[in-house]
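J.: Annotations for this protein, taken from Swiss-Prot, read as follows:
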type     : residues                          : note
BINDING  : 10, 11, 12, 13, 14, 15, 16, 17    : GTP 1 binding site
BINDING  : 35, 36, 37, 38, 39                : GTP 2 binding site
BINDING  : 56, 57, 58, 59                    : GTP 3 binding site
BINDING  : 120, 121, 122, 123, 149, 150, 151 : GTP binding site
DOMAIN   : 3-169                             : domain 'FeoB-type G'
TRANSMEM : 282-302                           : transmembrane segment
TRANSMEM : 309-329                           : transmembrane segment
TRANSMEM : 344-366                           : transmembrane segment
TRANSMEM : 383-403                           : transmembrane segment
TRANSMEM : 427-447                           : transmembrane segment
TRANSMEM : 453-473                           : transmembrane segment
TRANSMEM : 518-538                           : transmembrane segment
TRANSMEM : 664-684                           : transmembrane segment
TRANSMEM : 691-711                           : transmembrane segment
TRANSMEM : 722-742                           : transmembrane segment
């Protein structure tokens, strides 16, 4: 079979991701585009004659990049197309928005690269009474047009057949440009590198005349002739860029008049009716909060019901199983405990997180694919405008509920560097999936019937602190107003099950692999330090270990937030949590259960793997049957407790160490708000600078320590009023000083704001091949 590389390109919300998942299934690889942190997805699939590598290009409305501060997606797509890596392009077009989508199609066809138009979302178009003549559209464009409903898999085989039959596009003159434009484009094309095909050189010439900055990286000497060409054009027309765009839109209008009835189409009645409620100025925000709470409730509820299978099953396989092997093969006791506690305990920490995190990713994917997340950004626009940000900046923040890394990376979609930086600074306060795992464990241990409310309050606190951080930045070091907010609201539709499963699997796999490696390594590391004293001797009691000795020195720093000196394990959890938040659970699980593992007598003769696995399945089945009972629906945290008795195991020890629900909640406030994990810190440094990364870390630590201290000292004021009053006043005074210093630093920071990161275009301008990407 012949190998073929295909680029998949289309407008946002055109169904491109769904089509990608339909074609490639689970045969996908996710990475980054070279030199940038924008995600790159590749997949494999086969047709009758070809083995295809499909490259999913970023969603974009056009290939024209007007500003160096914006449109990174356009630059990536343009670079890939001009690189010649793709043998063929598949342009996904939304049939219900044909006129808007065809602008990108015309740009692709003008390049002369073989192209297939995948006319998607025909089911939505039909509901709006839109009729499109497929053959007529194909004839006008000069390339194959394949009708598709990717959510149902309709047209996939026809698309594969078209891929096998692909050939060069017919030489059809689509756009009629004014003759002066063509003359100047041809004159620029003549001085471009001769190894670029003639059609592409002419296209680059038009792009340069339109004001595209990225095409200059390919133009060679032609970029030196651009100013003269524009000067000659301005003697004959007011705005060359406007004339180029107008010629394309006239062509699109002529095509649509012939092949469709889009002018008489009816908007989706269902979408219109739902939007009257969801986008209502009074109901929109409460509905958004309810949807977020429902997503969290279902994730905890269903995930908690599935948890025994992963928890009890992993204990049987990786903890008791390792102990059985150790005793059977006569390993030294310390080695058996080390392996069971370190390796087995690490795996046992990761696997029970899978159900709840997986459910969270599933529901997030559902909300994104259904079209609701775009509405959430619209609803939040008024609040974001008060911060000096567009509503569009709330979209990356919502993504932060899954993981803060793509949330930080998503800030690239914002136009101004000020807006981008403010969003990056706010993103770490959004409660990610890893924090959910910590909250669920503490809620089950301390808050009982109020567990769901406690966790929801932490999610809301994260949003509130992100908003307050935005306000602080607006009135201190990042003054300014938001750019106008224009956003497309896609039609509501039921997401495709296969696409949802694939998206959830990709996110969950990334989480497990990333978290698993860190947790297991940290668990082994902690087990080693937990087994030896500072003098190198093996200890029988973890309170005499090297880890305990070092941690006790640091723990008094956290006394104001309710962490007492004998609870040194909680201090270790905070330090390891800086690597990855999910490691906090692993650390506490390893340390709080260490004494139990050391004291526990394991009898290999009584170990029965089959019985323990059957017990895990049976417990999961009972949990699933009880999941949707009224009592569990009212208190989903109870469903996540699994089989852990409060008197024994990690939860029981943790309950004794913290001593009160107030101390536990204060600890959770600190975990929510303090330094982001290493991955997020790296993303912040990459998207802004190391200086801004440092600012984010210091600001997060200040907010976390201040709020946790205020909460705990107010909650426990009656126990030690003098100490509490001193702590409260110290926190307030310190933050007044910090805000004052930030206001004084405003003028200097504003001047340096534009220099926070090297612009992509400047990087490209230094290379005629666009090597920066």
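Positions of Cβ are set from backbone N, Cα and C atoms, glycine also.
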J.: Which residues of the same chain, at least 6 positions away in sequence, have a Cβ lying under 8 Å from the Cβ of residue 10 (GTP 1 binding site)?
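T.: Those within reach of residue 10 (GTP 1 binding site), by Cβ under 8 Å and sequence separation of 6 or more, are 16, 59, 91, 92, 93, 94, 101, 104, 118, 120.
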J.: Name, in the order they occur in the sequence, the residues of the same chain whose CB lies under 8 A from the CB of residue 15 (GTP 1 binding site) and which sit 6 or more residues away.
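T.: In sequence order, the residues whose Cβ lies under 8 Å from that of residue 15 (GTP 1 binding site) (at least 6 apart) are 92, 94, 120, 121, 148, 150, 151.
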J.: With pairs 6 or more apart in sequence, are the transmembrane segment (427-447) and the transmembrane segment (344-366) linked by at least 3 Cβ pairs under 8 Å?
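T.: Contact confirmed: at least 3 Cβ pairs fall under 8 Å.
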J.: Where does residue 56 (GTP 3 binding site) sit in DSSP terms: helix, strand, or coil?
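T.: In three-state terms, residue 56 (GTP 3 binding site) counts as strand.
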J.: What is the total of other Cβ atoms whose distance to the Cβ of residue 150 (GTP binding site) is within 10 Å?
T.: 27
J.: Given a separation of at least six residues and a C-beta threshold under 8 Å, show me what packs close to residue 12 (GTP 1 binding site) in the same chain.
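T.: Those within reach of residue 12 (GTP 1 binding site), by Cβ under 8 Å and sequence separation of 6 or more, are 59, 60, 61, 488.
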J.: How many whole Å apart are the CA atoms of residue 149 (GTP binding site) and residue 11 (GTP 1 binding site)?
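T.: Spelling it out, the Cα of residue 149 (GTP binding site) and the Cα of residue 11 (GTP 1 binding site) are 16 Å apart.
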J.: With an 8 Å cut-off on Cβ-Cβ distance and a minimum sequence separation of at least 6, pull the same-chain contacts of residue 56 (GTP 3 binding site), or say none.
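T.: Those within reach of residue 56 (GTP 3 binding site), by Cβ under 8 Å and sequence separation of 6 or more, are 8, 16, 17, 20, 40, 41, 42, 43.
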J.: Spatially, and counting Cα to Cα, which of the binding-site residues is closest to residue 122 (GTP binding site)? Options: 13, 14, 58.
T.: 14
J.: Decide whether the stretches the transmembrane segment (383-403) and the transmembrane segment (344-366) have at least 3 CB pairs under 8 angstroms, with pairs required to be 6 or more apart in sequence.
T.: yes
J.: Tell me, by DSSP, whether residue 12 (GTP 1 binding site) is helix, strand or coil?
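T.: DSSP call for residue 12 (GTP 1 binding site): coil, neither helix nor strand.
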J.: Report the mean pLDDT of the predicted model across the domain 'FeoB-type G' (3-169), rounded to a whole number.
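T.: The average pLDDT of the model in the domain 'FeoB-type G' (3-169) works out to 85.
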J.: Centre the Cβ atoms of 10, 11, 12, 13, 14, 15, 16, 17, go out 8 Å, and tell me which other residues of that chain have a Cβ in range of the GTP 1 site.
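T.: Near the GTP 1 site, the remaining chain residues are 59, 92, 94, 120.
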